[in-house]
Amino acid sequence: MKGVLDSSGKRVVIQPPLHNERYGCFHPKLMLLFYEGSMRVVIGSANLVSEPYDYNELDNVVFIQDFPERPSTDPPCGINDLPQFARDIADLLDRMQVPRSVKQTLAKYDFSKAKAKIVASVSGVFEGDDDYKKFGHPRLATVIEQIGAADPLRPPRVEMQTSSLGAMTVQYLNELYTSFSGRDPYDNPAMRKMYKKPTSLPPINIVFPTWQTVERSKLGPPGAGTIFLSSEHWAKPTFPKSVMCDAISHRSGTLMHTKHVTFVYVMSCRSHNATAAAWGRLTLSKEKLPKLTMSNWELGVVLPMDKNSEYPSPYVRPAPKYRSDQQPWLQDLYHGFS
């Protein structure tokens, strides 16, 4: 649906298309703020709701960078002439069906000092060697390689902190880990075989709150309305329970709506939760081409880190492993939401 004016005549309402309306959602958090002489790009994890719940009560993460207007003496610039950061935002606006005038405005600004790289997910199916790398976790793999963080001799240990957790399996964790390592998920037949019959868990920890952490928080279970893992998924014998770690905020008693992935010299902050709907799932098409299927729209950034810098984690590290007497927060078992 194209953008339409709402009843006030002041706002344009956009409804980006969904590949599967039963399961998908539009989940990015993007603000483009235009000022005299500059614009600000804001990419975060907090929802824009009438009550400032996400901003006041929960931990969230945000990337902010300001960009100056290009000097009036510079020659005219088209969207295709802009740095990759701006082109990626323009492409996302196009796919979201945002009015063309917004995208064209980007050409007025200087993005040459953009500090991050965009990693987006777009609801749809992307097939072929070029298309499947544009979004989701294959896009993350490309970015990690571009910034020089991929090292086949030093496989990273990955921490994936999330506020929603889907149906996880050893197979899907291996799929994600390959991209988190900066490797093309379809780079050789042996890797494709591993996806079908993975032999072991990759070195990934999933950071998600235990039931006890939610109960002891300042807001208690009523404050965990945006923290999801179903009891059905958790009960499956294929769920890799041994990777689970508790999500404990540095702000004592605060629940987290942040979504972070950290590994060697790289930090990613984004709207993507730890689900196949957000990151995409890889298969082979009938023509034996790589095919990525995603239900959600998502948006995040990847920031390279200096080797001597400390990871600015929103949660206590090392995140403690679940004890045998602990289980995750399972929203559907809390009767206050039924």
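Even glycines carry a Cβ here, placed using N, Cα and C.
Remember, predicted model here, so these are calculated numbers, not experimental data.
Some features that TrEMBL has for this protein:
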{"type": "ACT_SITE", "residues": "His27", "note": "active site, nucleophile"}
{"type": "ACT_SITE", "residues": "His257", "note": "active site, proton donor/acceptor"}
{"type": "BINDING", "residues": "Lys29, Lys259", "note": "substrate binding site"}
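Features as recorded by TrEMBL, highlighted on the structure.
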| residue | record | contacts (Cβ under 8 Å, 6+ apart) |
| --- | --- | --- |
| His27 | active site, nucleophile | Ser271, His272, Ala278, Asn296, Trp297, Glu298 |
| Lys29 | substrate binding site | Val42, Ile43, Gly44, Ser45, Ala46, Asn47, Leu48, Ser271, Leu299 |
| His257 | active site, proton donor/acceptor | Ser45, Ala46, Asn47, Asp54, Leu58, Asp59, Asn60, Ser163, Thr226, Ile227 |
| Lys259 | substrate binding site | Ser45, Val61, Gln161, Thr162, Ser163, Cys269, Arg270, Ser271, His272, Asn273, Ala274, Gly300 |
